[in-house]
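Undergrad: The structure is given below, and queries will be raised subsequently.
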Amino acid sequence: MPRRIPWIIKYRPKKIADVVNQDSAKKQFIQWLESWLKGKPSKKAALLYGPAGCGKTSLVEAAANEYGLEIVEMNASDFRRRQDIERIAKTAAFMRSLFARGKIILLDEVDGISGTADRGAIDAILHLLEITRYPVVMTANNPWDQKLKPLRDASLMIAFKRLSERDVIIVLKRICQLEKLECEDAALREIARRSEGDLRSAINDLQAIAEGFGRVTLNWVRELSAYRTREYAPFEALQKMFNARYIFQAKSAISQANIDYETMMIWINEHIPTYYDDPEEIWRAYEALSRADVYMGRIRKSGSWDLLSYVFDMMGPGVAFARKIYRYKWKAFRSPKRLQLLAQTKRSREVREGIAMTLAPRLLTSRATIKRDVIPFLKIIFTHAPKYAAKIALGYGLTEEMIKWLAGPKSSEVLAYYRRLKR
């Protein structure tokens, strides 16, 4: 019996024009790839991001096919450790293709890299970008995790939008024609609706029903096609929440966001005044958000996670239905400035915390007391009395990084005395 080929492989786009929609992304990607082929790339890597099943990997494969390039593919979910990436990707970055063709190095699903378990993987990718002779393409569903910031900075960011139901239906109809399959239009519409723009899952559902029953009807789709629990990037979650027509839509948008609840609260807090224009609507939205914050505080104190449902009610429907009348409004949501500031000051806060942890047991007090009462005086000593500061640092076991943080502009002077005392 011949082996059946999955339709997502059988009908994978062979040409760039076959990739559904995504005209802006295709144009950006081709311009970047051609700049590489001419030897003058603006960025050594491109990071393609967008929802699952919207054509990111398909575009790379179609472009490689059209330009006669070999793809060296790694999936970050499978190869996570630094040595994995170095061994495979760096070999690909230098070795010529067997048929003397160019290459594209594809790192799929880089958002699958964990910040702790996969320590060193990001650094290995950054090093690869420095030495590679070939274009490097990365894909991600959600590239906005803070751990991926170095990759965002080093790459050309190319956004892919979620496919519409119409886009999905067009592809499904074409497959039905090529497979000489009897498909009800209503059934294809239902598959497309349930896919929520994920073309890959829609094709899989179509094949499963077709192979099981020989034809695709609305009844079979309703019986067998699954509603999938999808995660939304914060931008999508906010768009769905603010434009929700029904309470359940606003609530599910928040509960399915791919960031934690407290971070989502920061996103909502920043965008309420940019989305609503009416002062009363803004007040009502903040009133709902403040109640969500109260419930989160009670959860933290008591561990009563049954209150989480009320958090979702206030964050989602409470904020969304602060409006007086329904009106659809498209808004470009940006990463909150508070999160950007926290990211910029993260290392400084870590050093401050390290000083508190070092001094607290020696001074027989709490870390909070060290940060509040001791560190401000240490900063004065380290900037005005370098010799004495060096003795304190040596006596209490402070590291050179801690000295630099405390001494600021006088750090070189304090470090010189410190190193002399250590000899």
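Each position is counted from 1, following the chain as shown.
Positions of Cβ are set from backbone N, Cα and C atoms, glycine also.
Positions annotated as ATP binding site by Swiss-Prot, on the basis of sequence analysis: Gly50, Pro51, Ala52, Gly53, Cys54, Gly55, Lys56, Thr57.
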Undergrad: Note the Cβ centroid of Gly50, Pro51, Ala52, Gly53, Cys54, Gly55, Lys56, Thr57, the recorded ATP site, then list each other residue of that chain whose Cβ lies within 8 Å of it, in sequence.
TA: Ser58, Thr139, Asn141, Phe160, Asp198, Leu199, Arg200
Undergrad: Can you tell me how many other Cβ atoms are located within 10 Å of the Cβ belonging to Gly50 (ATP binding site)?
TA: 24
Undergrad: State the count of C-beta atoms found within 10 angstroms of the C-beta of Cys54 (ATP binding site), not counting that atom itself.
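TA: Its Cβ shell of radius 10 Å holds 27 other Cβ atoms.
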Undergrad: I need the least crowded one of these binding-site residues (Pro51, Ala52, Lys56), counting other C-beta atoms within 10 angstroms of each C-beta.
TA: Ala52
Undergrad: What is the number of other Cβ atoms found within 10 Å of the Cβ of Gly55 (ATP binding site)?
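TA: I get 25 for this one.
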Undergrad: Gly53 (ATP binding site) has how many other Cβ neighbours within 10 Å of its own Cβ?
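TA: Gly53 (ATP binding site) is surrounded by 23 other Cβ atoms within 10 Å.
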Undergrad: So if I draw a 10 Å sphere around the Cβ of Thr57 (ATP binding site), how many other Cβ atoms end up inside it?
TA: 20
